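Summarising the annotation, TrEMBL assigns domain 'Cation-transporting P-type ATPase N-terminal' to 139-212. The annotation transmembrane segment is assigned in TrEMBL to 16-37, 213-234, 387-406, 426-446, 911-935, 941-960, 981-1003.
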Amino acid sequence: ATCFEVWGYRPCLWKMVLVGMGAVCSGGLLLLLLYWLPEWGVKGTCTHTSLRDARTLLLRTTDEFRQWFRAKVHVMLAPGRKPFDSFNLQSTAQLPNGDGDHGVSAEEHHGKFAQRQPIHYFTHHSTKYYWNDETHNFELGLEDVNVSCASVHSDHSSGLSKMLQDYRRLFFGENEIAVRVPSLFKLLIKEVLNPFYIFQLFSVILWSAEDYYYYATAIVFMSVISIATSLYTIKKQYVMLHDMVAAHSVVRVSVCRGNKDIEEAMSTELVPGDVVIIPVNGMIMPCDAVLIHGTCIVNESMLTGESVPVTKTSLPSLGEEAARRYNMEEHKRYTLFCGTHVIQTRFYTGELVKAVVVRTGFSTEKGHLVRSILYPKPTDFKLYRDAYLFLLCLVGVAGIGFIYTIVLSIMNKVPAKTIIIESLDIITITVPPALPAAMTAGIVYAQRRLKRVGIFCISPQRINMCGQLNLVCFDKTGTLTEDGLDLWGIQRIEDGSFSPPESEAAKESLVNSAFVACMATCHSLTKIEGELSGDPLDLKMFSATGWILEEPTEEETALHNPIMPTVVRPPKHAIPEASQSNPLTQNMSCEIGIVRQFPFSSALQRMSVVVRRLGERHMDAYLKGAPEIVANLCKQHTVPQSFTETLETYTRQGFRVIALAHRQLESKLSWHKVQSLSRDLIETNMEFLGLIIMQNKIKQETAGVLCELRKANIRTLMVTGDNMLTAISVARDCGMVRAHEKVIIADAVPPKDFQSASITWHYTENPAQVVKDNQIKSETVEINLEEGMYDKKQTLQEQSYHFAVSGRAFAVITEHFPHLVQKLVLRATVFARMAPDQKTQLVEVLQSIDYTVGMCGDGANDCGALKRAHSGISLSELEASVASPFTSSTSNISCVPNLIREGRAALITSFCVFKFMALYSIIQYLSVTLLYSILSNLGDFQFLFIDIAIILIIAFTMSLNPAWKDLVWRRPPSSLISGPLLCSVLTQILTCLVFQVLAFLLVRQQSWYEIWTPQSDACNVSSSSLSHSQNTTSPHDHKNIRNYENTTLFYVSSFQYLAVAIVFSKGKPFRQPIYKNFDESLVCSSCCSASPPQIVCVPHDWRITLVVIVIVNAAVSFMLEVANDRWGSSFLSWLFCQRNKAPSVRYMHLALELQDDSDWPPRPSTVTYASDPQSHISAPL
């Protein structure tokens, strides 16, 4: 959620009177200014006061954008101060609706009667904030009441009375995500009040006063088309969003009304605390709710982009977890989110599937999503901030021309009206009216090209950001490696030690083993329309057993009363013959019913089930999960001594290893008792069963793409939830860590028993070296934790290293070693066992040291990181995943270089268009200023020809250059206000100025030159009588437009526009060259051959001179641009003595610091303690 700084204001009469007078005097311009700048608007009409007494609030976001907003404070009357206060509302009384004056008395918990109380609140971005008397601040989050999981069961499971529901609705409002589609009139007003259109309006009025009707009409026509297109797009987006949200937002639900009463209600009436009943055939959730009875199978693709159904179980009511505070993020496996589709529910006889409403309306997870679409954060901030600075410089240039025109006109005794009009005209020339449209065109074309290569984009402004990416984080499973895992083999425990690996789990001899029973039952698979569905790993594991899963119908569940809903059994032919001969004793025991599931949790890294074999009295618990976790939950004597060694053997080779465990539960445990037991009580004192070894193959495109990114100077990172050694092995296999580079594992331990937090640095040996030096006999060991391979005398090249950090270590280091975090992430390449929120945290840390971060994942648990990164790419089959700005339909990482290439091309295009538009205004400004000196100007049709035929068409076709085919080492400049870029613009301005002045002075030196009149004919002096008779009928030229200077400057400047367009249309290394852009080449050649208007005839010799001037001008422009590209930056750094200037980006600054630090990286097997302020001084083990 966004944080705000808040200031309170109340209206001030004398300020309002002053503003009113100012608005009248300025013709409404003052009001416009106050509308554009809310801060001035509030400060100009109100006086500062305390928040409690405020009537208007001024809000400023605390992020880097520092946006200002104003909000009006409203007052609501309610019988209590807080929504969760417990009242004994009189059953006969009616609650007020917040604004009526008939009061209702309510009894507070300390027994007094209270009248209705005024509650102050304001609404911002569809969220209500209420005044809190205790904290003296406005607060959001009324629904977060800090309740424990156990109290959700004890205090909130019976439901609300109608009375209490109505009272709470005063605070929470209707439960709907209402996307109001604004009327066209409202949208039009908002669009037209854009500063850019106001400036155009000013220009059009001015041109009409100068009789430039054609040009004014053309600009009005273009503006109308632009506004209409914009309105159509905005309206369409609103309607689409409205339809998407409204599709399932209002449904009928069954609500518990305390005790046993159940009544039907509309979902809009729900408030936090209501208890809803989830129907058997499922529903689309109208709110966020936590499950308190039963199990649900949910499709959450709307939120995560992941279409695999998820099993949600009821919130624990006993044990350690039940004492914890309910937190939606932490307890999401028990929470049903708004907008997700409950496919089916599992229930037990007589028990309904119930859930307590936690959040409603815009506070829900779906509401947050809709809000982020409705009110997006501004992006690509630097580019646009530079653009405004650039425009300010142009306005400064215009100011000089403004003063020059006034002085010149007064000296020439020009009438006052003409002085005003012409001096203002200079300003309209300097600020190009078509700039925003031309800038947007580049992004639209890039978006279209991305769509062609299967990359869909919901945030087009971020395309430019992709051009700046210098670090990309990759998820491992499903992104770098294949999505599915293949079962490589199993390794069971026999007599306390590992038996040899077996490739088959479906053998007859293993049917009755606890190992296969665990494989067959410990999963969250379910049948949907007859098809097995669930996590791909679970599917692979279950299918390897060859067993069959059956889910009884509702009637069967009722018949076999307390029999469990799901049964698994081996196929008939797999049951050993001995069992078949004695059906009464054995055959039934092969069938196992699943009594209770504790679903997989990425935080706990395990899942477990409670089962009962048919015919047996006791129940069993089976557990599967990360080997290190499972081993800790088992009785130590059941875990083989070679466990660590065996596990490392597999993980070093990149295998994914899962451990299994089993426990027989006491016979006295009844079915009902099991339903309320906490998982901590069951998942303990287990017996270790063995390991399942899964193979996760690297996708064939992965290594090539990572190599391409490395060549392009883009750093790559792996962020995964998998085991550390598996992750390092995959990083080596795919080239993220190269053969000669060493990996240092930072293993951090939190403080314990008077021992402060510490980090132990383990060095792993390079596999290449292992083979070369014959140091290790076993071939399977690929990564050896080696101690003595550290030599300080090694060169920097040889001493290249990578850190590898686990999720646990990352949490300890961020908390206890904050000063090491940035140093660590500067060289860390592998992040293993990372929880979803840690991925987001990592992205933030990388951004804090000035990296432009890209994140590529499969969308499921990377949502936060995908959204937080500058550019998130989700590999999802959905056309546009709401989880990230970009979605690729190809399921491998080859989309990353494509996106970066297109981003770079779009960024360079933005710079080209900007430079071209700036030059166009300056060239036209120079022409007009020179012509003003002889009291002339460019004609209406000449302006029209330049702006429409040349400028607009070139600005739009300039953006059509496709991206260059290779990713290069160099990155495009990140800022418009950079030395080489400004140098390029200034040299081109000077060139154009020199050649225009040259042509202007030369034409006046010609022997045939005279002050042009309609009778003049410099082309053909001999036929003067003929020309005279022709010209007598032509009307007199009031504005002195038709003359030799005008014609000369018009020709020269028209070719200058074309030359600059070609010079600025950069090709290699970021875009294809201009001759590949057929549209722009065609436009340039057709402009050269076009016949321009309002010119006079000049002699043949002068035409040749003009052609020579134009060619020399183009050649000089081209050479200067080439020179600037080659030597511009080095010349500027020499000129301003900036050779040894410290780098501006923090990560480079940090890298230079660490280069001189003799204690970094820490030596092998040393320990760094948190209490040490330096923390470089490490104690050897």
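Here, residue 1 is simply the first one shown, and the rest follow in order.
For all residues, glycine too, the Cβ spot is worked out from N, Cα and C.
In this chain, the transmembrane segment (213-234) does not touch the transmembrane segment (387-406); fewer than three CB pairs sit within less than 8 A of each other, excluding pairs fewer than 6 residues apart. For the transmembrane segment (941-960), the list of distant contacts is 212, 214-215, 218-219, 222, 432, 434, 437-438, 441-442, 445, 909, 912-913, 916-917, 920, 924, 1041, 1046, 1050, 1053-1054, 1057-1058, 1061, 1064-1065, 1077, 1079-1080, 1083-1084, 1087, 1090, 1092-1094: same-chain residues at least six beyond its ends, Cβ to Cβ under 8 Å. Restricting the average to the domain 'Cation-transporting P-type ATPase N-terminal' (139-212) gives a pLDDT of 83.
Using a Cβ-Cβ cut-off under 8 Å and counting only residues 6 or more beyond its ends in the same chain, the transmembrane segment (911-935) has close neighbours at 387, 390, 394, 397-398, 401, 404-405, 408-409, 412, 414, 422, 425-426, 429-432, 434-435, 438-439, 441-442, 946, 951, 954-955, 958-959, 972-973, 976, 981, 984-985, 988-989, 992-993, 996-997, 1000, 1040, 1043, 1045-1046, 1049-1050, 1053, 1056-1057, 1060-1061, 1064-1066.
Per-class residue totals from DSSP over the domain 'Cation-transporting P-type ATPase N-terminal' (139-212), listed helix then strand then coil: 43 helix, 3 strand, 28 coil.
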